[in-house]
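*Asks:* One structure coming up, written as structure tokens, with questions to follow.
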Amino acid sequence: MDGCAQLCKCFLILFNILFALVGLALVSLGMWLRFGADTRGFFDIDLKTAQFTIGVAVLVVTGALMLLVAIIGDCGACNHSKSALGVFSGLLSILIMIEISAGVMAFMMSGKVSEEVANFYATIYAQYLNTRSPGQAMTLKLFHNAFGCCGIGGPIEVFVRDTCPEGNIFQQLTFPSCPSEIQDMFKSSAPMVLGGFLGTAGIMLVALVCSSILYKSLSSPEYSTPSYY
């Protein structure tokens, strides 16, 4: 192999190691969200949480698919397997299209998603006032710590103050209302999310080009597999 093919081989190995680590992290996150003691309340609450359940399932499936693609890619790069590189290129092409589509959809639907999350929070808040369920309290704490907010009243919140983030008196008086904070954060983060998706797709595209270069190099007449005696 020439220098370019060797460089592509090294890049593919490094890329697939990082890709596998990200996939493993997604699977671990999905399993933690589904079975973790701190997040089990999402599934115990009497709500239509189909979107949340689907989201967790998508995390696990996406992570498992990334692990599979990374393993196939590493096998193709390390063993100089044309068939493995071909499968890797096909799967990576599909993932790139999904990545770009998901980024564009997330950007375009950020307003709708923020409203649904804010409504989801408001429903949990209302139910917690009536039941004082530990699962609902844990869910409210997750929202409050993630978004740095406190209830619906914000600085004048009195009903769920026990689930709000800890801090001194000044900090507690500056906590914003959660529904408005959730919507503002989703809308302000939409361009960053789109950039993250497109940036990831760009790196995956470089890996796809490297895979094609390595595949072509292995197909050239100058390359021959060493003979074993």
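Each Cβ is built from the backbone N, Cα and C atoms, and glycine gets one as well.
Grabbed the feature section from TrEMBL, which reads as follows:
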TRANSMEM  12-32  transmembrane segment
TRANSMEM  52-72  transmembrane segment
TRANSMEM  84-109  transmembrane segment
DISULFID  C150-C164  disulfide bond
TRANSMEM  193-215  transmembrane segment
*Asks:* Starting from each candidate's C-beta and looking 10 angstroms out, tell me which of the disulfide-bonded residues C150, C164 has the most other C-beta atoms.
*Replies:* C150
*Asks:* Mind checking which residues reach the transmembrane segment (12-32)? Cβ under 8 Å, same chain, six or more beyond either end.
*Replies:* 39, 56-57, 59-60, 62-67, 69-71, 73-74, 76-78, 203, 207, 210-211, 214
